[in-house]
Amino acid sequence: MKTQCASTWLLGMTLILCSVHIYSLRRCLISVDMRLIEKSFHEIKRAMQTKDTFKNVTILSLENLRSIKPGDVCCMTNNLLTFYRDRVFQDHQERSLEVLRRISSIANSFLCVQKSLERCQVHRQCNCSQEATNATRIIHDNYNQLEVSSAALKSLGELNILLAWIDRNHLETPAA
């Protein structure tokens, strides 16, 4: 009887440890202070959203991001950061030096996040599923429907959606 209880206990502990390990593999933790990125965004948010003339259009859909499966989070995050780096930050034309400094700070922070993701990809090989590829394509299609400068401005104004999603999916939750 003791052997059976010990075997059951051992099996139970093994399953618990495996589930914890699998859960940790779902997430790719990033080593960037998101509060600094959020602070820079909040300092330019009003300027971006005031200039936005397409109030009823969205490029970065919260519903689209919520549909991302845990196994695609690393891939989708990398896709979104690449989108912002290669399209939004490049396409945006800004006259205010202060806003430019804030955008540059955000862009540099995104590069640091991407470096963290590269390390994660090396160790965990986070590949993109078809759903993640489709979600990325939808964002690019939404962006392409607007004139370039309007699309860049709109995307900058929607950074809070991306930042909240990154917070929810990449930051380590404190132990209870």
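Glycine too: its Cβ is placed from the backbone N, Cα and C atoms.
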Exercise for review: Name the cysteine that pairs with Cys74 in a disulphide bond per Swiss-Prot, restricting the answer to Cys112, Cys126.
Suggested key: Cys126
Exercise for review: Looking at the disulfide bonds in Swiss-Prot, identify which of Cys5, Cys18, Cys128 pairs up with Cys75.
Suggested key: Cys128
Check your understanding: What is the nearest of the recorded positions Asn56, Cys74, Cys120, Asn134 to Asn127 (N-linked glycosylation site), using the Cα of each?
Key -> Cys74
Practice item. If we count other C-beta atoms within 10 Å, could you say which of the glycosylation sites Asn56, Asn134 has the fewest? Key: Asn56
Exercise for review: Can you figure out which of Asn56, Cys74, Cys75, Cys120 (the recorded positions) comes closest in space to Asn134 (N-linked glycosylation site), comparing Cα atoms?
Suggested key: Cys75
Exercise for review: Using C-alpha atoms only, work out the spacing between Cys120 (disulfide bond) and Cys126 (disulfide bond) and round it to an integer in Å.
Suggested key: 8
Study note, to complete from the structure: Minimal Cβ count within 10 Å, across the disulfide-bonded residues Cys74, Cys75, Cys120, Cys126, Cys128, points to Cys128
